[in-house]
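Colleague: Next up is a structure, given as structure tokens.
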Amino acid sequence: MKVSVLITLAVLGVMFVWTSAAELEERGSDQRDSPAWLKSMERIFQSEERECRKMFGGCSVDSDCCAHLGCKPTLKYCAWDGTFGK
């Protein structure tokens, strides 16, 4: 009983690896092109100018954050600075 379970699991593992390799071979060009596509998307988003960082946005100084938000020094994110008003 134990041997048949182990053999079944081994066969399923081999089939999984075989089908994964065949799938990667079919769409291999897509995999190679995807890093370039991701880099171009990153450039698009970095080129946008932002007025201020909203809540939980990354920052380096308080002036990066929107009104009533301050840059937390430990984790470098914008959080409420405890002030109210317009």
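For all residues, glycine too, the Cβ spot is worked out from N, Cα and C.
Swiss-Prot lists C52-C66, C59-C71, C65-C78 with the feature disulfide bond. Per Swiss-Prot, the feature phenylalanine amide maps to F84. What Swiss-Prot lists as signal peptide is 1-21, and the listing cites sequence analysis.
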Colleague: Where F84 (phenylalanine amide) and C52 (disulfide bond) are concerned, what is their Cα separation in Å, rounded?
Modeller: 18
Colleague: Just checking, which of C52, C59, C65, C71 (disulfide-bonded residues) has the fewest C-beta atoms within 10 Å of its C-beta?
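Modeller: Taking C52, C59, C65, C71 as the disulfide-bonded residues, the minimal 10 Å Cβ count falls on C52.
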Colleague: Specify the secondary structure state of F84 (phenylalanine amide) as given by DSSP, simplified to three classes.
Modeller: coil
Colleague: Check C59 (disulfide bond) against DSSP and tell me helix, strand or coil, would you?
Modeller: coil
Colleague: I need the most crowded of these disulfide-bonded residues: C66, C78. Count other C-beta atoms within 10 angstroms of each C-beta and give me the top one.
Modeller: C78
Colleague: Out of C52, C65, C78, point to the one nearest C71 (disulfide bond) in space (Cα versus Cα); all of them are disulfide-bonded residues in the record.
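Modeller: So, of the listed disulfide-bonded residues, the one sitting closest to C71 (disulfide bond) is C78.
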Colleague: Under DSSP, is C65 (disulfide bond) part of a helix or a strand, or is it coil?
Modeller: strand
Colleague: Calculate the distance in Å between the alpha carbons (Cα) of C78 (disulfide bond) and C52 (disulfide bond), and round it to a whole number.
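Modeller: Cα of C78 (disulfide bond) to Cα of C52 (disulfide bond) measures 10 Å after rounding.
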Colleague: How big is the gap, in Å, between the Cα of C59 (disulfide bond) and that of C52 (disulfide bond), rounded to a whole number?
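Modeller: That separation, Cα to Cα, works out to 9 Å.
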Colleague: Measure from the Cβ of F84 (phenylalanine amide) and count the other Cβ atoms within 10 Å, all protein chains considered.
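Modeller: Counting Cβ neighbours of F84 (phenylalanine amide) within 10 Å gives 6.
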